[in-house]
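Structure first, commentary second.
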């Protein structure tokens, strides 16, 4: 009898209502304009980085191979949530189907976890390049880079499947309102018609632990790099510091959200939506800006790419 009731509960919710960022129509129009601009700039900036890296053979190095992966992830990560949110600004109900919600959660965690692993790999790449420059091309050869890329994408997929499976197995019978503009595991499991204490512990021990451990590894890596930079010449030190500063900025913005959301029980805080905006819309936009403005090689490659385009147009 209990199993039948649980089955009915599970199938009773076919849609979720997303609260969005605001119920004020004027505010929603402003939100639409700002997020549309952010999304377009995110697509342009990250796609331009990928094209530039592919086009310029001088950028065919492990560092820029991983940077192109980061840009690809940022495009996908932003696309998981922002287009749906833009459509919802013109809708009063802001509905998302149960299947759509699960799909959004799956890809959100796939790209987020993959990016965390990627940022950690990028820190390791910089550590080898700066602290062991003579061994760099031996340690970070193309075979290793491809294997690391496969490993981080596989790790993100396994993590996402695990979290999505935990969420989808819960019974949902109402309420059906999610206090955000997209579906995420902490907000969705709060709507389950059962005790989710154990699930919350599993989420914290999974997502929270990954975020915290990777953050500690990253901080230690860059601390070692900074110590090593003291022994280098001023020119090389300046360039390395610029690269590390860009990486640390990205790491702080991205992992700060993950630690804030997934290292505590599934409770709603007023700051959640603001943090989620940075996580889904602002950080993917800032990544290309940070990496291009603080990176001379990228700026030169972009100028070269634009210069060649202008010459072709003149001809």
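Here, residue 1 is simply the first one shown, and the rest follow in order.
Each Cβ is built from the backbone N, Cα and C atoms, and glycine gets one as well.
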Among 174-193, 274-293, where does TrEMBL put the label transmembrane segment?
274-293
Kindly point out the range from 11-29, 87-105, 106-124 that TrEMBL annotates with transmembrane segment.
106-124
On average, what pLDDT score does this prediction assign to the domain 'G-protein coupled receptors family 1 profile' (45-291)?
84
Compare 31-55, 64-86, 241-262 by their Cβ pairs under 8 Å to the transmembrane segment (106-124) and return the stretch that comes out on top.
64-86
